[in-house]
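Record features (TrEMBL):
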DOMAIN    A:312-510  domain 'Cytochrome c assembly protein'
TRANSMEM  A:258-275  transmembrane segment
TRANSMEM  A:280-298  transmembrane segment
TRANSMEM  A:318-336  transmembrane segment
TRANSMEM  A:341-362  transmembrane segment
TRANSMEM  A:382-405  transmembrane segment
TRANSMEM  A:426-449  transmembrane segment
TRANSMEM  A:461-479  transmembrane segment
TRANSMEM  A:486-506  transmembrane segment
TRANSMEM  A:526-544  transmembrane segment
Amino acid sequence: MKLLKFLIGICLGLLILILPVSQFQTSPLDPLQELTVQLEGRKKPLDTLARETVTQIHGKTSYQPLNEEKLDYLSTYLSLWFNTRDWNEEPFILVSYRPLKESLGLDVDRKYFTFSELMRSDLNSILWTARQKQADKIPLTRDEREALTIEDRLALTLETVGTNNLPLVPHPTDIKGTWVGIEDAQQYYDDPSVEAIQTDYDALRNAYRENPQDESILGEIARSLSTQLAALSPNVYPEHATLHREVSFYHLHPFAKAWRLYGLGFIAMVLVMAFKAENIYWGALGIFGSGLLIHGYGFLTRVQIAGRPPVTNMYESVIWVGFGIAAIALLFECIYRAKYYLLAAAPLSIVCLILSDSLPAILDPTLKPLVPVLRDNFWLSIHVPTITLGYASFALALGLGHILLGHYLFAPQATPRIRSLSKWNYALLQVGVLLLSAGIILGGIWAHFSWGRFWGWDPKETWALIALMCYVVPLHGRLAGWFSDFAMAVTSVVAFNGVLMAWYGVNFVLGTGLHSYGFATGGSELIVAGLVGLDLLFVAIVAVKQRGRKKEQQKEKTQFPQIYAPD
Amino acid sequence: MKTFDRIWRFIGSIQLAVPLLGAIVLVLVGATFYESKVGSVSVQHEIYQSPWFGALMFLLAVNLGVSALNRYPWRNARQVGFALTHLGLIVIIAGSAAVIHLGVEGMLLVRTDRGANNQVRMQGDLLEVMNPDRTVESGNIFINRSGKVYPTYLAGLELADYRENTVRSIQFIEGETVPNPAVRLSLTSDRMGQNIERSLAVAPSSYSQMTLGIAELAIVQTNSDEELQQLLSPPSNKTQHLWGELKIDRGQKQAIVDVKDNISKSVNFNDLTIELVDFFPDFRLDKNRLPTTASSQFNNPAILLEISSSTGTEGWFVFGKAEFPPIRTVISGERIADLQLDYQFETPPAEDYFHVIATEDDKLYYTAKSSNGFKSGTLAIGESVTPGWADFQITLKEYIPHGKLQRTIVPADNPQVQGNPALLVKTAAGTATWLPWGEPTTIEEPEGEIYAAFGPKLLALPFGIKLEDFIVDRNEGSQSVAMWTSKIRIQDPINRISKQRNVWMNHPTWYRGWKIAQASWNPGDLQQSTLQVKREPTWVTALTWTGSALVVSGIAVMFYAPALMRKMRSKSNQTEPATAVTPEVAEKPEDEGIDRNLTPIS
């Protein structure tokens with residue numbers, strides 16, 4: 001019966017996914033989206049290139065021109081490619097860092113600027129100093145780093161607008177050979193075939209210039225073009241299915257679906273608790289489980305597309321931790337039937353997935369070839385997932401810790417529930433300690449092969465150890481009788497800052513050490529610090545209240561038993 | 001006995017463990033932030049490899065060990081897990097410490113165009129000292145980022161100071177046996193805010209002339225009045241070929257063409273039309289292999305010519321330096337026979353100069369030239385001459401008739417000056433000497449000479465490594481690197497072994513206990529590769545791996561074995577209902593027994 005309800009929940013969840021059915025219909029533009037381009041070390045569909053280009057320059061996947069209809073990334077890209085508007089004067093380039101806008105004399109309230117505005121500004125002098133500093137190996141200021149990002153955006157715009165060099169033409173023999181633009185096709189092929197693709201290419205451009213809305217004509221020409229391109233070098237040109245998989249992966253957007261399902265699962269669980277509707281419990285679990293399924297599917301597909309082990313950058317680790325939180329929660333839910341695991345997990349997984357989807361500048365979702373040190377290593381591909389699963393357990397403990405502290409704040413009289421919650425929380429800390437220890441040790445083994453030493457106090461290593469200690473010390477303190485249930489709840493919340501530092505802080509705040517391939521800039525450290533501060537304030541308020549209550553109880557001499565105190 | 005018991009228990013107690021771990025965490029947090037400020041090398045030396053940090057880790061290991069032993073015999077699953085974890089941690093701590101302290105690690109630079117190398121560059125520097133009695137002492141030196149030197153005393157020398165940037169400075173003192181006029185001049189300009197001193201001497205010849213930004217300074221010695229008069233008279237305005245002359249030689253006929261007058265023009269010579277296309281004062285090829293000039297100084301003058309005859313056209317590069325033969329390419333038609341070109345170039349004399357003239361009878365004169373004209377006169381100590389370059393004044397500070405060269409090393413305060421690092425050492429007698437990095441230096445002492453060398457710490461491998469090829473794989477269609485591989489040959493003459501191995505990222509190779517791994521490369525020079533060479537005793541590796549396995553399995557046993565055991569027991573007993581198998585996380589009293597025999601310290 002339970003299984004049936006669970007399956008019904010899963011089916012319900014998957015049904016929600018499938019609707020609307022229109023998302024599976026083929027679009028007439030498909031052949032255009034699946035046109036292959038070789039860029040940045042891999043072959044990708046034009047669809048991906050369009051999304052990446054528009055996101056990198058504009059910071060989001062659509063563009064709203066003045067007094068016109070909104071353009072999606074593909075239309076924006078085509079307009080850039082075929083140069084159908086005055087891109088010198090379109091406010092398209094994202095400049096978000098306020099102090100930089102101030103020093104450039106730009107309007108600080110605007111987010112997007114035109115190419116010509118930026119070229120006229122003082123950007124060049126800042127770039128000049130920045131490059132000078134780079135040459136002298138002096139650390140750059142935030143202004144200068146941001147200016148370099150803007151320069152990249154300008155360069156990409158310049159490269160994209162009206163280009164005839166998009167590498168669409170495959171190498172004749174070598175699967176890893178360099179592709180060329182239509183203009184340079186005669187380097188590889190003789191005249192008749194070059195002429196044919198040139199004709200199609202011109203037709204495509206003219207068709208778009210004349211009537212950008214006529215999708216069926218564009219699709220038709222693109223199909224002919226791509227067939228001819230594939231025929232030039234059938235052994236080198238990738239399979240249609242490969243490109244289709246990538247286009248439909250982005251089209252389906254499994255991670256966005258997953259968080260919606262987590263949200264639904266959360267609501268269902270709230271209903272279960274509010275109305276004591278135990279019947280829906282398994283259904284809620286089913287919906288949540290279907291979210292986990294689609295999340296896992298998305299992750300696997302991404303691994304397939306990239307053709308390499310997962311979790312190699314911040315973006316992938318955030319998605320993976322989101323997955324880990326949901327998976328561990330479901331597992332523990334199945335063991336303990338606590339309901340609270342799911343309640344704690346859903347918001348955290350949702351936050352992870354929304355963050356990874358909405359901050360392309362910080363969490364870069366583009367698929368790029370790996371740097372050599374991350375390649376070809378068995379230990380790495382198990383070390384990182386393990387350690388990040390440890391982070392996930394602690395993240396879940398953070399969620400449960402908040403629920404616990406909420407109870408201490410608003411329902412301190414619900415002693416049995418608090419006791420159960422504490423027990424469940426403890427179980428999470430145990431899993432976290434096991435996974436994080438294993439992850440750190442696996443990291444040591446990787447380091448043994450990669451850097452020649454098991455342990456070398458690299459900042460990332462050290463912080464992973466500190467994070468572990470942040471949990472291990474309270475766990476021992478609990479055995480010594482110094483940490484009560486309440487203190488362990490506080491630990492779950494406060495010690496997560498150690499994890500945050502190991503995971504995010506070393507890359508974004510410290511920025512030193514051997515793990516430099518993970519480093520990035522623009523990590524909005526202030527926002528993170530602010531959130532951490534607010535959370536700590538919350539903990540402090542609960543602690544003050546709890547202390548007051550304890551004192552009162554002592555006065556009344558009705559001290560309730562402390563289960564874990566030593567005898 | 002009771003006190004001992006109490007102390008023993010305290011050492012293994014959780015009451016010690018928690019504050020100790022807390023302290024370690026605080027140290028580590030501080031260390032990582034300190035590291036982002038001062039860099040990894042300093043923090044390794046000052047914290048992680050320091051004795052006090054070692055002591056802290058040792059205390060932790062003792063605490064772990066005693067706490068595990070105190071619980072012997074380990075009866076239930078939980079206690080077994082506890083013991084495994086805590087003993088495993090000791091093994092890991094010992095192993096990691098051994099990795100850091102006992103491992104030998106360095107970088108080996110190998111090149112495809114050189115033979116096998118066995119000199120591994122280790123981290124840190126070395127001071128080697130040979131005392132007057134021929135005994136040699138040496139020791140490691142560590143210099144932190146702020147320039148502090150560790151240790152303070154080494155091999156009988158006090159290591160007093162270290163500077164990242166020192167320059168060699170010279171001065172002349174009286175003491176040479178033969179006459180060698182030397183002068184010290186000061187040049188001041190209020191308008192440019194400059195005040196510099198320069199020494200000139202007739203010998204060695206490299207100090208007889210120097211070019212400052214503004215003008216040339218030189219000293220000459222003369223033996224005859226006639227010569228003196230000639231030197232003191234204004235330079236004649238004879239016609240000069242600023243860009244040199246091109247001598248054309250074709251069988252019987254010769255011609256000379258002034259380059260400056262005829263640049264971008266064509267000259268007809270017999271049946272030839274010679275076009276002087278371009279002139280390069282400092283000829284180079286740029287990165288696209290196109291001719292360019294590196295500066296406007298006449299360091300390597302060259303002319304590009306296009307020579308046409310009735311039968312063909314040729315392009316020529318002719319060079320002012322005699323050792324560079326012309327480069328000719330046939331552009332069209334046939335090669336022109338019997339043609340020789342000779343480009344004669346003389347560096348034009350300096351526009352602005354100040355020359356000191358010393359006579360045999362120790363008298364000094366000067367000549368100076370500027371855009372304002374020519375000047376000459378006598379020169380005496382303390383007297384100033386205004387040569388006419390801006391508001392510069394030149395004053396003779398010192399005249400040394402028998403100048404003897406003395407080299408000294410001084411710290412460069414100006415960061416623009418490119419210098420070398422140097423170490424200041426003081427002998428027992430108090431002589432202070434700068435030792436420039438990488439150059440052995442002699443220190444004169446009453447009891448004899450001390451030879452001291454401050455330089456890289458090197459280690460000679462018992463075998464050599466030759467780079468046979470360096471392969472860079474790029475990502476498809478881009479310049480980004482996918483992988484780089486060093487194809488090396490290990491040459492072991494002692495064991496008469498020569499083996500070819502490939503080394504790439506994450507894939508080191510081992511030879512006789514040495515691990516050889518790809519470390520870095522030089523994108524600008526693909527004939528070169530840097531390998532990391534490391535030796536770690538096998539037992540050290542074994543320790544870390546064993547410890548790792550113990551800890552992970554220990555934690556798993558400690559946390560989950562009790563619940564599993566209960567589950568199995570209840571399954572076999574079948575007395576309890578099936579619903580009771582839900583794992584209990586909160587410890588049962590039997591599990592809490594781990595600290596039962598402890599008397600809490602308070």
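Glycine is no exception: its Cβ is also placed from the backbone N, Cα and C atoms.
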Would you kindly check A:258-275, A:426-449, A:486-506, A:526-544 and say which stretch has the most C-beta pairs under 8 angstroms to the transmembrane segment (A:341-362)?
-> A:258-275
Determine whether the transmembrane segment (A:382-405) and the transmembrane segment (A:280-298) share at least three Cβ pairs under 8 Å, counting only pairs 6 or more apart in sequence.
-> no
In the same chain, which residue numbers or ranges, 6 or more beyond the ends of the transmembrane segment (A:280-298), come under 8 angstroms Cβ to Cβ?
-> 2-3, 5-14, 16-17, 249, 252, 254-255, 257-262, 264-266, 268-269, 271-272, 319, 322-323, 326-327, 329-330, 333-334, 337, 339, 342, 346, 349, 353
Residue numbers, six or more beyond the limits of the transmembrane segment (A:461-479), whose CB comes under 8 Å of its CB atoms | 387, 394, 429, 432-433, 436-437, 439-440, 443-444, 447, 455, 487-488, 491, 494-495, 497-499, 501-502, 505-506, 564, 566
Other than its close neighbours in sequence, what residues sit by the transmembrane segment (A:426-449), given a CB gap under 8 Å and a spacing of at least six beyond its ends?
-> 328, 332, 336, 377, 379-380, 382-384, 386-391, 393-394, 396-397, 400, 455-456, 458, 461, 464-465, 467-468, 471-472, 475, 488, 491-492
